[in-house]
Amino acid sequence: MKAQPKASHFIDGDYVEDTAGAPFDSLYPATGEVIARLHAATPAIVEKAIAAAKRAQPAWAAMSPTARGRILKRAADIMRERNRELSELETLDTGKPIQETIVADPTSGADAFEFFGGIAAAALNGDYIPLGGDFAFTKRVPLGVCVGIGAWNYPQQIACWKGAPALICGNAMIFKPSENTPLGALKIAEILVEAGLPKGLYNVIQGDRATGPLLVNHPDVAKVSLTGSVETGKKVASAAAASLKHVTMELGGKSPLIVFDDADLESAIGGAMLGNFYSTGQVCSNGTRVFVQKGIKDKFLSRLKERTEKIIIGDPMDEATQFGPMVSKAQLDKVFSYIEKGKAEGATLLTGGGIPNSVSSAGNYIQPTVFADVTDDMTICREEIFGPVMCVLDFDNEDEVVARANATEFGLSAGVFTQDITRAHRVVDALEAGTLWINAYNLAPVEVPFGGSKQSGFGRENSIAALNHYSELKSVYVAMGPVQSPY
Ligand SMILES: NC(=O)c1ccc[n+]([C@@H]2O[C@H](COP(=O)([O-])OP(=O)(O)OC[C@H]3O[C@@H](n4cnc5c(N)ncnc54)[C@H](O)[C@@H]3O)[C@@H](O)[C@H]2O)c1
Ligand SMILES: C[N+](C)(C)CC=O
Ligand SMILES: [K+]
């Protein structure tokens, strides 16, 4: 098998198997071929991983942040050296075209190790608080054993975006990848050990929605960071609440992208296409509700159709391919069912909506799809589809579009295209979202906090802000004189 790992899990510095766990196959989304056979974690595997993490964490926390950072930076270097190999694995895991994974996926993971490794020496200091004779100081301390649970769209990125801040703060991590994409995180664990990470600090265990709760409910786990759907987020957050664990929730969205009539049209169309078709539309922050001002609607739609129909769909391992299959048959069927709903509810299918020619019929392929004349109440405009389906709506004026853009329970991202600088700032101020773009879409560099508001989640990944979610402050009051007691 093309991508069979040595064993299903990575615990205490090495691969571990337990064939008593439910077997599952990993499929290559472009052909349906079985590329690996794995076993879900048994309760014994979960206990083993948590015990290893618990054992390793105190000595790691006692190291200087600089020394911890050095190891993460080495891991970043190894990832960059092996970018090709890691990108090919990411393509096998997800079906995303190599053209994307080679620039985006392991690179973004390496960026996280480099960033957190680099800031460690300066960003984990505490404060000195003068109190007029007495004083206090704060220390930033790790939480202990942290759990990361991943979605299937960015398996390596998610494993690193959670692992890097957790480790730099002095925690141990147990990461459970999505059952759809189990392979990437194992390689990240292997590379961390090669970079010098002491064993037991970054463990990977496999499993699905039945395995997640074994971690979330475990009394020795201090924190859970989930990337997944809103529905799963609610389950995980309420399970974590039962023992008051820290939580970070990176959930779904139905983000608005607003195009005013003064926008650079080609840029706005490019942004809308990137924000709907990159990773075959499987991106949480996608701008799937594209609001176009009425005066430019016809021009926008005709150029959008033209450019969309030129997208090269094909074999993900071919560097010319711009658009690959969806991750799974189940996700593909879900997207097709939304397309049927869009047609039934009266949206105009501008392009796509079917299965492309000249690709393997065993792959989970779908055409990049655009609906025009979408209205706010349509199902395709209200629910997250998580596939390459763009909804184009039209609007008259700024107040109206802002109100409509905000009329959703989600609040992950939003974008605005306009040449009017004051309007751009006014609109981003009014939009309810955690991550916003002006004249761009979906760029998420590690230096910038990333995360959602409303039902798209809470907590932030990346940037210095992430440190707050993997550590807590210990405040120490120091008396410099005798205790003043009335007793
Ligand atoms: N905000 C972000 O950063 C971000 C990034 C990528 C994806 N997403 C969101 O993720 C979703 C798509 O990914 P998905 O289909 O893998 O999501 P999902 O919610 O089905 O699964 C996410 C993960 O949670 C696990 N899980 C499921 N039920 C669980 C439970 N009860 N307890 C513990 N773990 C459980 C799954 O096994 C998987 O590893 C979309 O909604 C997308 O918007 C968000
Ligand atoms: C974090 N980002 C933007 C890559 C995508 C989430 O699915
Ligand atoms: K897969």
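Placement of Cβ uses the backbone N, Cα and C atoms for every residue, glycine included.
Per TrEMBL, the feature domain 'Aldehyde dehydrogenase' maps to 16-476. The annotation K(+) 1 binding site is assigned in TrEMBL to Ser26, Asp93. Taken from TrEMBL, the feature K(+) 2 binding site applies to Leu244, Lys454, Gly457. Taken from TrEMBL, the feature active site covers Glu250. Sequence annotations record features per position, and here TrEMBL assigns active site, proton acceptor to Glu250. Look at TrEMBL and you will find Cys284 tagged as active site, nucleophile.
Features as recorded by TrEMBL, highlighted on the structure.
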{"residue": "Ser26", "record": "K(+) 1 binding site", "Cβ contacts under 8 Å, 6 or more apart": "Ala3, Val34, Ile35, Ala36, Arg37, Leu38, Asp93, Asn180, Thr181, Pro182, Leu183"}
{"residue": "Leu244", "record": "K(+) 2 binding site", "Cβ contacts under 8 Å, 6 or more apart": "none"}
{"residue": "Glu250", "record": "active site", "Cβ contacts under 8 Å, 6 or more apart": "Ser225, Leu226, Thr227, Gly228, Cys284, Phe450, Gly451, Gly452, Gly457, Gly459, Glu461"}
{"residue": "Lys454", "record": "K(+) 2 binding site", "Cβ contacts under 8 Å, 6 or more apart": "Thr408, Glu409, Phe410, Gly411, Glu432"}
Just to be sure I understand the contacts, which recorded positions have a Cβ under 6 angstroms from any atom of ligand 1? Candidates are Ser26, Leu244, Glu250, Cys284.
Glu250, Cys284
Where the C-beta lies under 6 angstroms from ligand 2, the matching recorded positions among Ser26, Asp93, Leu244, Glu250, Lys454, Gly457:
none
Cys284 (active site, nucleophile), number of other Cβ atoms within 10 Å:
26
Kindly state the mean pLDDT of the domain 'Aldehyde dehydrogenase' (16-476) in the predicted structure.
98
Just checking: which of the recorded positions Asp93, Glu250, Lys454 have a C-beta under 6 Å from ligand 3?
Asp93
For Asp93 (K(+) 1 binding site), which of the three DSSP-derived states applies: helix, strand, or coil?
helix
